[in-house]
């Protein structure tokens, strides 16, 4: 990777294009690896090996309690760079799956030995993941600008979800209704190979060296910086609150299907497919709107959708209904991807380059510890509630009580989202209007195409659609078109100004137009002034 390092600490357009190619390739192979080595498959295998709700909660919590291991990646960035560090830890992550693969063979020894193999395999897997995880915001920062950052994040999630769909369909067909344990081992082995392929793709991502020169990590100083302003305090509260609720809803949704309704492994995997479809919808929606709306309003709106999923569990009927359980998994999948994309986007916006890596470690580590403890405690509480409630008459009763308590936490979390600094985000009302307006969907498509194609004809089409848009979220685009050297584009932009806000920047643009374009668009500028 040495030949890819630029001494001016910025990547060329060619390097960025190459980096995005390999980043997308990583997302594809990693989706196969994650689908077969974490979450649904691991939980199903745990249940096949005799795990209780407490065991499920403990193993699921490893995804969060291991996040302090991000500090390991911080210390290797100066030597291997962002991509090299991510690749190294992804190799460790993938190879740790060997313990999970051999866990079924230890059943002959009895006791909890298979579960301990699952635990230590998952522990190594998640430790490796955490070590590499701290590099991804830096990689995204180097490969993008403010105009296309949300697009890269969302596109990578689209690719991941597409790969997950392929893998999930394959798993459902391969496992069948009651798969022998060796088939789980084959799936896990395939996931390990795909994880190594993903590590190879990461190694090829170019970087400028911007993040190699980092200050020494001083926990107390970084913690003080993370809490120095009111905005960063609310951001810290968000980073602590999301893992508490997100991990529980996603992991325990599988328990609702498996234990609440007694579904087969194959049917549960098919419902996981519904979660992946939800993730694809979230990726597509965020790919269009994240850069335009900003992350704060989308976080708030997604939180309300998450509340809807929790309420759905509380009121699920005793009789199995495919559409309701499918809706639950769809919501969980949508929320999971939506939160991940919005958090990454907001994190880059609220931090500086000098503090980005260290701030990521502090916020993710604290959130991981709290979220992991919540998952482990949640599994124990769910088991206790199950023992004390009348599951013989209602197999979902203990889930109803548990999710009722979870609902209160989600309400508090939504308040935290509302308190977040707006930064450059649009208002929640404008965001809601845009998301449910067909004209705004058309407008954003047209604007993105105009940016990609860079032709006067496409810009004209975009402005024509903007004139009919139902929201006022296109301020930056209109300001850019008003500065166009083309009289035709400026005139069309003037006609669309009824959707603009009277900011000082816009007023300055119109005043300048009034002075230098006396024979073209000055009369329109005078009208709007």
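Just so it is clear, glycine is given a Cβ too, placed from its N, Cα and C backbone atoms.
Check TrEMBL against the ranges 162-180, 181-199 and you find transmembrane segment recorded for 162-180. For the transmembrane segment (162-180), the list of distant contacts is 27-32, 34-36, 41, 186-187, 264-266, 269-270, 272-273, 276-277, 279-280: same-chain residues at least six beyond its ends, Cβ to Cβ under 8 Å. Remote same-chain residues near the transmembrane segment (401-420) are listed as 231, 234-235, 237-238, 241-242, 244-245, 248-249, 252, 296, 299-300, 303-304, 306-307, 310-311, 313-314, 346, 378, 381-382, 385, 389, 428 (criterion: CB distance under 8 Å, separation of at least six residues from the stretch ends). Proximity of the transmembrane segment (55-75) to the transmembrane segment (268-286) is not established, fewer than 3 Cβ-Cβ distances being under 8 Å for residue pairs spaced 6 or more apart. When each of the listed stretches 21-49, 87-107, 234-256, 268-286 is scored by C-beta pairs under 8 angstroms to the transmembrane segment (298-317), 234-256 comes out highest. Beyond the transmembrane segment (268-286), the same-chain residues lying 6 or more positions past its ends with a Cβ under 8 Å from any Cβ of the stretch are 39-40, 44, 150, 153-155, 157-158, 160-162, 164-165, 168-169, 171-172, 175, 250, 253-254, 257-258, 298, 302, 325-326, 329-338, 341-342, 435.
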